[in-house]
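Just below is one structure, and these are the notes that go with it.
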Amino acid sequence: MNSLATFMDWLKTSQKTVVLTGAGMSTESGIPDFRSSSGWWKNIDPHTVATVTALENKYDLFHEFYSMRLTGLEQCQPHDGHYILADWEKRGFIHSIATQNVDGFHTKAGNKHVQELHGSIQTFRCHQCNESSTKEAFIQKETCQECGGVLRPNVVLFGEALPEESWTITLKNIQQADLVIVIGTSLEVYPVNQLPTMTKGKTVYINKDANPNAAYFDLIIEGKAKETLQHMQTLL
Ligand code: NAD
Ligand code: APR
């Protein structure tokens, strides 16, 4: 049986399917990923902007980077692939999504069971006292109304721990899954890159580029997220 036919068989027969997505899920919405040739980290050293050190010692650089990402995001919308995953959840083909993306597009497309393992760029807080804030206040570089601290998006930065509840829920889902579908991630970043090794189920890697990190997967489908999901949708 060819890879696609095998995938469709697994998808239809699986009792609990978990989808894990990365930045490659949103590049067809116009949002750059990180490590591809056109990715964010090709021109910016992530450790200079996406870390707590940057937030605390180079706030102007940190603010400029995340403001730029926010402005770019305003022009972008979930693509058909996001909506297909929402349809698959509605029809019972997938149980839940765990994402490293902070764009909120899985929820915006209609998925109800989404774990945002790297947080969200759509909500904001004071870095010192955790008081909630707003996108407008962050963009305007205001300080916290409660304590005067600096404002930040609720993105998990390098060196920070992941949201504990999201991680715990995701780990349970992955361990119980009989199919884990990984879409559009380089599997470069710990600890999310460990998740596919923690399931007893079958593992499928859908990615635009070949990736040695995925050598252990049961099935590898090379292709773009939106196009591949659209093709699969015609077979359901
Ligand atoms: P790390 O040093 O463990 O990085 C793991 C891998 O990612 C390494 O291969 C490293 O080369 C690469 N890497 C490190 N920082 C990067 C960055 N900013 N952009 C691209 N690649 C990067 O990273 P860490 O400081 O120990 O962070 C790990 C903790 O931070 C984990 O809990 C991780 O989930 C969390 N975290 C990281 C990111 C992120 O942007 N990668 C986002 C959310 C959460
Ligand atoms: N379809 C399928 N795969 C794609 C597409 C697409 N349209 N576009 C890009 N890809 C693939 C790339 O080939 C790459 O392997 O998606 C992967 C994206 O990998 P990264 O850019 O490393 O993004 P990600 O894995 O999500 O990064 C993890 O690193 O810096 C942090 O916080 C950031 O959460 C992110 C984490």
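Including glycine, each Cβ sits where the backbone N, Cα and C put it.
Record features, source TrEMBL:
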- 1-236: domain 'Deacetylase sirtuin-type' (DOMAIN)
- H118: active site, proton acceptor (ACT_SITE)
- C126, C129, C144, C147: Zn(2+) binding site (BINDING)
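On the structure: features taken from TrEMBL.
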| residue | record | contacts (Cβ under 8 Å, 6+ apart) |
| --- | --- | --- |
| H118 | active site, proton acceptor | T99, Q100, N101, V102, V155, V156, L162, V192 |
| C126 | Zn(2+) binding site | S133, C144, E146, C147, G149, V150, L151, R152 |
| C129 | Zn(2+) binding site | C144, E146, C147, G149 |
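Closeness to ligand 2 is met by H118, these being the recorded positions among H118, C126, C129, C144 whose Cβ falls under 6 Å from the molecule. Look at the Cβ of each of the binding-site residues C144, C147 and count the other Cβ atoms within 10 Å; the largest number goes with C144. With a cut-off of 6 Å between Cβ and the nearest atom of ligand 1, the recorded positions H118, C126, C129, C144, C147 reduce to H118. Listed in sequence order, the residues H127, Q128, N130, E131, T143, Q145, E146, G148, G149 complete the 8 Å Cβ shell around the Zn(2+) site centroid, once C126, C129, C144, C147 themselves are left out. Looking just at the domain 'Deacetylase sirtuin-type' (1-236), the mean pLDDT is 95.
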